[in-house]
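Visitor: Please find one structure pasted underneath; my questions will follow.
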């Protein structure tokens, strides 16, 4: 029956530890040597496919996570993707063919695919879904009816009451009775269908609102019951349902990790991070999924977001360097309206245009993916801090990172366990020499980092990260030769909205992968005449404009305009 009594719910919980372990052996950390996931929030499947080839594979990302692929409620808001109408692959991000092509393309690039999976509830309201399926609340023809829902039709109101959390409706969304055999079978069928197309793992949305034993039963029905799962179970002090209940089924997302990073970066000391992780009360490292932000928390404000500038970037650098959990790198789009859906309905023509932030491609972040892969299995060594906001540490004899979150530059000779030789600081593409004692000297500007690893032993024309943007249909390809010091970056701005309308804060960052040539392709309408200039920014936000008059150019009637410039001092 649809109703789960309180006694039954408690009985399920009492047996959850045994049931979860017995039915579905844990698969926590993603298998393989590459455990970083790029979370491409609301990117359509064609754009994800291209990104796997152009950036994610070459940068060393092990996984890409895509937003929910199933048919969903119509509407321009992002959250419509999280209101299923059916389990057909027919959402705003692409159809079954596009989904399969994306998986195959990503696999060819060496990137596995995780699908965000909404199995706790169905869509609210009534109408026609994105794939043409008619529905009304509690009635989803051919899939579920009212008897498949939990009997509590009220909105969750008491997180200290387990039955209320797991049997009532999350923000009025019809709550599936995951204790029913029919419901379990339908959910397993959906996940098996995705797996048949090549999906390698699943993020289980709203896992805390389903009993752990129910999820273990569903997982046991999968063709591969050991498939990678990552469960969203938000920690709340004093709540009836604890994220640790779900550790038997896979990675559990450790929300306290992101909240603690925000608190430290914004108001405490980086030196506190010396024992960050389990010693802070976080879940076991090998069963935890970690992140700096996700699509919910960046809007809710309980974690950092792209709007936090250097705090966000340095938190990401630390996360990827520190040996705790399996990291997610969130990559979304700019927003002022928290409900606003993706630009261009999820089509990404080029990074850093149309509001797409592409955090996964920021040099400071993407370069740390190879750092993490190289350092895998190595313990923290050579910890140093100044008792405040400058820290440094090694990962055995494989890697070393220094982070300066002070308000002024830091010059220091750092002691590492690296072999002597020439290295490339992957944060700035700057050569660094480690002497026979394992030492190097560097100056870090405020709010910057230096990162070395044994697989980056020279800076040259070979990109250490993929190109910043894929080709645009029409537009301008900016290529400017400019020298910088650690902490500085080159940007372009101009007299069009796509170029930031001359506002330094909205200028577009170029990629130094082929330093000293900085590159960026920007989509612009064919035939457009525009003015532009390059600027140099440091970590403190100081701006230096290149000298001389505004540069001028015109996009051709078809194709791209290629601009080869030199920064005018």
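Cβ coordinates are placed from backbone N, Cα and C, and glycine is handled just like the others.
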Visitor: According to Swiss-Prot, 120, 166, 175 bind Ca(2+); which of 72, 107, 209 is also listed for that site?
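Guide: According to Swiss-Prot, the candidate sharing the Ca(2+) site with 120, 166, 175 is 209.
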Visitor: What is the number of other Cβ atoms found within 10 Å of the Cβ of residue 296 (site 'Transition state stabilizer')?
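Guide: 16, counting other Cβ atoms within 10 Å of residue 296 (site 'Transition state stabilizer').
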Visitor: Calculate the distance in Å between the alpha carbons (Cα) of residue 166 (Ca(2+) binding site) and residue 232 (active site, proton donor), and round it to a whole number.
Guide: 14
Visitor: Looking only at DSSP and grouping its letters into three states, which state does residue 120 (Ca(2+) binding site) belong to?
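Guide: DSSP assigns residue 120 (Ca(2+) binding site) to coil.
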Visitor: Is residue 166 (Ca(2+) binding site) helix, strand or coil when read with DSSP?
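Guide: DSSP call for residue 166 (Ca(2+) binding site): helix.
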Visitor: Neighbours of the Ca(2+) site 120, 166, 175, 209: Cβ within 8 Å of the Cβ centroid, same chain, sequence order.
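Guide: Everything else in range on the chain: 121, 150, 165, 167, 168, 169, 170, 176, 178, 206, 208, 210.
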Visitor: Tally the residues of the domain 'CBM20' (468-569) by DSSP class, grouping H, G and I as helix, E and B as strand, and everything else as coil.
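Guide: Across the domain 'CBM20' (468-569), DSSP assigns the residues as follows: 6 helix, 51 strand, 45 coil.
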